[in-house]
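Presented below is the structure to which this report refers.
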């Protein structure tokens, strides 16, 4: 279940026109993927002893020093895993959700739309489309039993949901071939006093264990025991006038509407020679390029060709949306794929506004370039950053062309090195990354000790969670 942000009281109008209480704050709230209910986010900071549920789980304590990297609980005996689900209150029952079934997918869609994320003023709410959920929940090798629901026995109404999907990750020099990504924990608003969150987490964990999966990655906007990394949200206005008209982007002091519109102006056409939509034939080249780029990071998602096809093309033969857009740069002479970038769509409904019904939000996803430096020279690093700026600026141009209103990103990959130059502003939202049942040293997430964006070094995070 997504949660409200811990707010940072520092605001900089020099870097962004988003003001405190405005669109930046709201988009930060809508950007989080977490395993904690909304009301927990508003609570004061907790000590480890306050986390009654997480104290029972194989996760690091806050003050643990990693003396040996690896699983916290080394037991991987499937025979010791309970075969029966955890017990629920008598009025509820477990359900395995078949997301290939339109009716059941519609139930998940309705639950998430009405309960998953809503800002504190009830003015913005995620507006999922069914194809987004299929994309997110049905990657290669997905396990049907990992789409876990809770129904009311008497009415059969779906009132809670949690999901996991399979993936492989690398943590420094250790590969976790069988891992899970846990997401979309959602509980009906009227049932959040029923303590369903721990049961949902335990049940999806049990089902993962039955598939011989013992580690999982997940994120939270609040601090839990104990994150492997912390990153920050950044936002770039594409349609400043619309955001202003909605009432979430007031004028910075001394500015004018003309100045703000000009500040975020983008050219009508992309700037990178050889840029074109990704096609099915590009999958092997993109997989190779992405794999090489991921070597740069301490924690990385390891993509197979099948996963590249799913996550960056989905059902397209030529990338065309409406869920994910992917582009490659092809050298016109050698025909080699030299660069790749992608972004996905997750809009929000604007509640109670007579003029606008939604905010169209694009999210920077994965990218890669063969200009990624193989040495530590400042010249190589600078050339790479300039290349990233060029291709991600083209992503902005394309997102503007496709009528997106705002472009969001997190300070993972190398984003922290160049997004400020593309007029992204620092958001107030932060995202903690966790690995269940795994202990390792902390990994930089693109921010410094004061939680400001660190422009001096790349992040160590080669992982983007939708």
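In case you wondered, yes, glycine gets a Cβ from its N, Cα and C as well.
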Of the ranges 1-21, 22-42, which one does Swiss-Prot list as region 'Disordered'? 1-21
Enter the number of other CB atoms within 10 angstroms of the CB of residue 196 (tetradecanoyl-CoA binding site). 23
Quick one: Cα separation, residue 187 (tetradecanoyl-CoA binding site) versus residue 466 (active site, proton acceptor), in Å? 19
Would you mind reading off the Cα separation of residue 53 (tetradecanoyl-CoA binding site) from residue 466 (active site, proton acceptor), to the nearest angstrom? 25
Hey, how far is residue 466 (active site, proton acceptor) from residue 185 (tetradecanoyl-CoA binding site), Cα to Cα, in Å? 13
Suppose we draw a 10 Å sphere around the Cβ of residue 187 (tetradecanoyl-CoA binding site). How many other Cβ atoms does it contain, all chains included? 24
Among 51, 53, which are binding-site residues, the residue with the most C-beta atoms within 10 angstroms of its C-beta: 51
Going by a 10 angstroms cut-off between Cβ atoms, which of the recorded positions 185, 466 has the sparsest surroundings? 466
Set of same-chain residues at least 6 away whose C-beta sits under 8 angstroms from residue 194 (tetradecanoyl-CoA binding site): 89, 187
